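What Swiss-Prot annotates here:
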- Leu73, Cys74, His75, Met110, Glu111: substrate binding site (BINDING)
- Asp125: active site (ACT_SITE)
Amino acid sequence: MLTHLDSRGHAHMVDVTDKASTAREAEAEAWVRMRPETLELIQKGGHPKGDVFAVARIAGIMAAKKTHELIPLCHPLLLTGIKVELSAEGEDRVRIVARCKLAGQTGVEMEALTAASVAALTLYDMCKAVDRGLLIEQVRLLEKKGGKSGHYQAGQAM
């Protein structure tokens, strides 16, 4: 069942008024592939635009807080925790992991996915002048906890 469609097939924001407030968490990831020289430049702090990981981290945090402004039917949420981590993996990839949490009436999956996506886009933006071959790949939900649908972990059947 698609919860954002009414009986006539019209899109609407889901009414969560009567739902209990529960602890909810979500974790998402994104990967960015680049030339080894680009990753080395980032790691050594020699990028002309500054600390790429720090800027991407802040962009991801800001994006999570603005998810409802970007995705039309998302509820505005009072997130109580947002964490965005970037790490070099191998010689040519960066892994971005975003975690969001709150005590509320709706989940935070879209916030975590938005944080990871915007952090990846920011990394791309900051590095495109030195590497036109950047590739953003595998943006996905890793884990979701809380709420009516319970616990989900990537790789598990729904």
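Just so you know, glycine gets a Cβ as well, placed from its N, Cα and C.
Taking the features listed in Swiss-Prot, we show where each one sits on the structure.
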{"residue": "Leu73", "record": "substrate binding site", "Cβ neighbours (10 Å)": "13"}
{"residue": "Cys74", "record": "substrate binding site", "Cβ neighbours (10 Å)": "20"}
{"residue": "His75", "record": "substrate binding site", "Cβ neighbours (10 Å)": "16"}
{"residue": "Met110", "record": "substrate binding site", "Cβ neighbours (10 Å)": "22"}
{"residue": "Glu111", "record": "substrate binding site", "Cβ neighbours (10 Å)": "28"}
{"residue": "Asp125", "record": "active site", "Cβ neighbours (10 Å)": "15"}
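Met110 (substrate binding site) falls within a helix when secondary structure is assigned with DSSP. His75 (substrate binding site) sits 28 Å from Asp125 (active site), taking the Cα positions as reference.
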